[in-house]
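Peer 1: When I checked TrEMBL for this same protein, it listed these features:
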type     : residues               : note
BINDING  : GLN253, GLU303, ASN353 : S-adenosyl-L-methionine binding site
DOMAIN   : 275-338                : domain 'Methyltransferase'
ACT_SITE : CYS381                 : active site, nucleophile
Amino acid sequence: KKKARESCSLPESSWEERLANAVTPLWRLPYQEQLQVKYESQRKILQTLASRLEELGIDAQQPGGLCCPLQPVVPSPIINGYRNKSTFSVNRGPDGNPKTVGLYVGTGRERNIVCVKANHLENIPSKHKQVAQCYEEFICRSPLDSCILFHEGGHWRELVVRTTSCGHTMAIITFHPQELGQEALATQKALLKEFFTCGPGAICALTSLYFQESTMTRCSHEQSPFQLLHGAPHIFEELLGLKFRISPDAFFQVNTAGAEVLYQAVGKLCQATGDTVLLDICCGTGTIGLSLAHRVSKVIGVEVVEKAIEDAEWNAAFNGISNCEFHSGKAEAVLPQLLASWEDAQPLVAVVNPSRAGLHYRVVRAIRNCRSIRRLLYISCKPEGEAMRNFLELCCPPDPRKKLAGEPFAPVLAVPFDMFPHTVHCELVLLFTR
């Protein structure tokens, strides 16, 4: 409690306090109290799911009005500085500096956005803050403006910093080219490289420095390639005794130590045996499937980001894992084809770990209609959002109009994991069986 009181030393209603309240709203609470807050929020989500299932004529009421038993929130092994990836914006700061590198307070809708430096935030590691400070120093020296609104011009935009427990640091700088020609772009890239290798930015000791020309809010590598200005093309992470290669835009759980705890629990909940095939949907760089490959006969991974699939295949080969196959493409396009020809004799366990947007309806339909899938683990970072729609689609009675012919699933256990200390967010693992 003493530490909690000391951490409340930000000036009242300062920009720093407002940012801390927006990004890490639980930062004032002792950690055990944070876990209790999250437990209550997950309990309400399961009560909501139980009510929605009742509306569909499904009796899913458990003690406390929950749809299934809820275990206590599994704590994060690391509470402060746990993020391995941070995205910093460039915009006007509280002092009016249009080249402030930080995080937003306010909203675009209200037109009151202010960019505040993140040096005081407890969830961001010091290395990320150091790279952000150096990037701000660089763009403040640059004669080119920051790009606050695309149509108003300007160039310097976001900074993404990724780090690993192996001591690697990757920086990805997003730049709006506007009307600049190739020669002018080459000059800016050369200046960036010089700053971070020979100039003040050399203190960051970057493993990789990437540059992306982007005319959109977000660009994939396919839309606008990541250009390596300096260092190695990948950084590496170690997880559960395996080594993983990470590309600039590949998904990797933001809390590495927390991910180890999560994946170990997923392995137990799968109850996979030597003849089981594990279907890893939204597999990213293959972390879940590869960490469980020794328990199953085969792993099949599906992922939309091509570079992540390249990483997954490299990861499998490097770690000497030969019973994995990975498919690149949208899950709604790949999965129905994979499952349409599935042999019913092979037991199949599915693990899905989608983004906040949840699973596409065609993915849910393919899972429902595959009789071999008797056990499904849904890992959700926002279970109260689009994932709730997926839960209902998985559990609703067969509906020929929606082509949901398969036997419905039922939720049997919920286990929340605190992957994001100081925030209100939780990673919920819901086990469904049929």
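Positions of Cβ are set from backbone N, Cα and C atoms, glycine also.
Please treat TrEMBL annotations as automatic predictions, because they have not gone through curation.
The model shown is predicted, which means the values in this text are computed figures rather than measured ones.
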Peer 1: Measure from the Cβ of the residue listed as 'active site, nucleophile' and count the other Cβ atoms within 10 Å, all protein chains considered.
Peer 2: 19
Peer 1: Take the C-alpha atoms of GLN253 (S-adenosyl-L-methionine binding site) and CYS381 (active site, nucleophile) and report the distance between them in angstrom, rounded.
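Peer 2: Their Cα atoms are separated by 10 Å.
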Peer 1: Within the same chain, and leaving aside GLN253, GLU303, ASN353, name every residue whose CB is within 8 angstroms of the centroid of the CB atoms belonging to the recorded S-adenosyl-L-methionine site, in sequence order.
Peer 2: PHE251, PHE252, CYS282, CYS283, GLY284, THR285, THR287, ILE288, ILE379
Peer 1: Could you give me the DSSP helix, strand and coil counts for the domain 'Methyltransferase' (275-338)?
Peer 2: 30 helix, 16 strand, 18 coil
Peer 1: Distance check, please: Cα of GLU303 (S-adenosyl-L-methionine binding site) against Cα of CYS381 (active site, nucleophile), rounded to an integer number of angstrom.
Peer 2: 17
Peer 1: Please report the distance from the Cα of the residue listed as 'active site, nucleophile' to the Cα of ASN353 (S-adenosyl-L-methionine binding site), rounded to the nearest angstrom.
Peer 2: 9
Peer 1: Let me check the 10 A CB neighbour count of GLN253 (S-adenosyl-L-methionine binding site). How many other CB atoms are there?
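Peer 2: Result for GLN253 (S-adenosyl-L-methionine binding site): 24 other Cβ atoms within 10 Å.
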Peer 1: Please find, for GLN253, GLU303, ASN353 as listed binding S-adenosyl-L-methionine, the greatest distance between any two Cα atoms, in Å.
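Peer 2: In whole numbers, the farthest two Cα atoms are 15 Å apart.
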Peer 1: Once the chains shown are all counted, how many other Cβ atoms turn up within 10 Å of the Cβ of ASN353 (S-adenosyl-L-methionine binding site)?
Peer 2: 22
